């Protein structure tokens with residue numbers, strides 16, 4: 001089974017990712033992962049931390065000569081900011097645990113719940129791990145999954161459709177043109193007019209000492225029918241995707257296809273009618289289901305929208321209580337972003353890629369890429385024969 005674990009604190013020496021279950025023979029290079037990490041660091045509205053970090057991955061195991069070995073792959077991303085925190089965050093007894101103590105939990109963060117759960121006195125012991133800095137490790141893991149999906153003909157595309165009150169209109173243009181517009185935008189928005197308004201809204205939030213959330217949309221093209229299953233609740237593809245995406249820091253909602261919009265419509269307006277001809281086989285003229293029916297991919301693009309709440313760390317702090325004195329106080333302030341929706345979109349791409357890669361490996365199997373690709377090819381041949389009425 002494909003899985004990963006991450007480790008590391010926000011201001012610790014490094015982030016570590018261990019990916020287990022990749023087949024042998026997958027072409028992997030550090031530069032590919034680095035490009036995804038650089039995308040995560042971009043986007044208008046990021047904080048000063050991104051000016052310090054220049055995320056680069058170091059492959060420590062599981063790859064030789066540019067090809068995976070089938071053994072666990074260990075990835076390391078150094079934290080350049082560690083040199084400014086080495087005394088505070090040292091793992092040994094030399095750590096100055098009285099330095100940079102945080103006792104005023106921030107509303108909306110894991111701060112208070114974390115100290116209550118684990119019995120910490122210093123909120124720093126919570127926020128260092130709960131920080132979205134951890135998502136750099138997830139993007140590294142997702143990059144390997146993305147490489148595997150590319151070999152299977154699956155492409156992932158993410159775009160921002162909303163920041164704060166500004167809603168984008170997605171242009172009906174060819175995929176290459178859409179991809180180019182996203183790349184040109186400072187907020188990953190293919191609507192240039194909405195993109196400018198989003199930047200202005202971020203500037204206003206910065207001036208007000210506030211933050212902004214938004215919505216991003218993920219598309220997976222080339223997903224074969226048959227991923228996931230309806231036979232048990234925990235094997236349904238839509239449930240697995242939603243659960244994985246909801247685990248991203250600050251994400252508060254996930255919808256697939258029409259999502260909540262479909263709840264206000266009649267059944268005849270929501271379902272995707274089925275057609276057939278000798279050339280196409282089975283086909284649809286709409287994709288309101290977002291590529292998943294009954295917990296199983298149906299061969300259409302998988303479409304998911306993800307809602308991210310505004311970042312809780314505010315330059316004009318909200319009310320809190322000091323954990324030591326139990327007196328009213330302003331919440332602590334830690335260096336943070338104004339808006340991280342574009343970065344979250346890149347993280348969402350990685351998370352989606354990993355879950356789809358996991359589903360592909362479960363469906364097709366194979367300890368090597370040769371075996372996986374052969375199984376995948378034979379399955380698609382059978383599907384095409386069925387579509388043609390064979």
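Glycine is treated like the rest: Cβ placed from N, Cα and C.
Annotated features in Swiss-Prot:
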- 40, 46: NADP(+) binding site (BINDING)
- 129, 130, 131, 249, 250, 294, 309, 310, 311, 312, 313, 335: FMN binding site (BINDING)
- Taking all protein chains shown into account, the Cβ-based neighbour count within 10 Å for residue 131 (FMN binding site) is 20
- Query: Of all the Cα pairs drawn from 129, 130, 131, 249, 250, 294, 309, 310, 311, 312, 313, 335, the residues the record ties to FMN, which distance is largest, in Å?
  - Reply: 44
- Task: Could you check the binding-site residues 40, 46, 129, 309 and say which one's CB has the most other CB atoms within 10 Å?
- Result: 40
- Task: Out of 250, 311, give me whichever of these binding-site residues has the highest number of other Cβ atoms within 10 Å.
- Result: 311
- Give the helix, strand or coil assignment DSSP yields for residue 129 (FMN binding site). helix
- Please work out the number of neighbouring Cβ atoms within 10 Å of the Cβ of residue 313 (FMN binding site), leaving out its own Cβ. 22
- Message: For the C-alpha pair, I'd like the distance in angstrom between residue 129 (FMN binding site) and residue 40 (NADP(+) binding site), rounded off.
- Response: 18
- Message: What whole-number Å value do you get for the CA-CA distance of residue 313 (FMN binding site) and residue 40 (NADP(+) binding site)?
- Response: 19
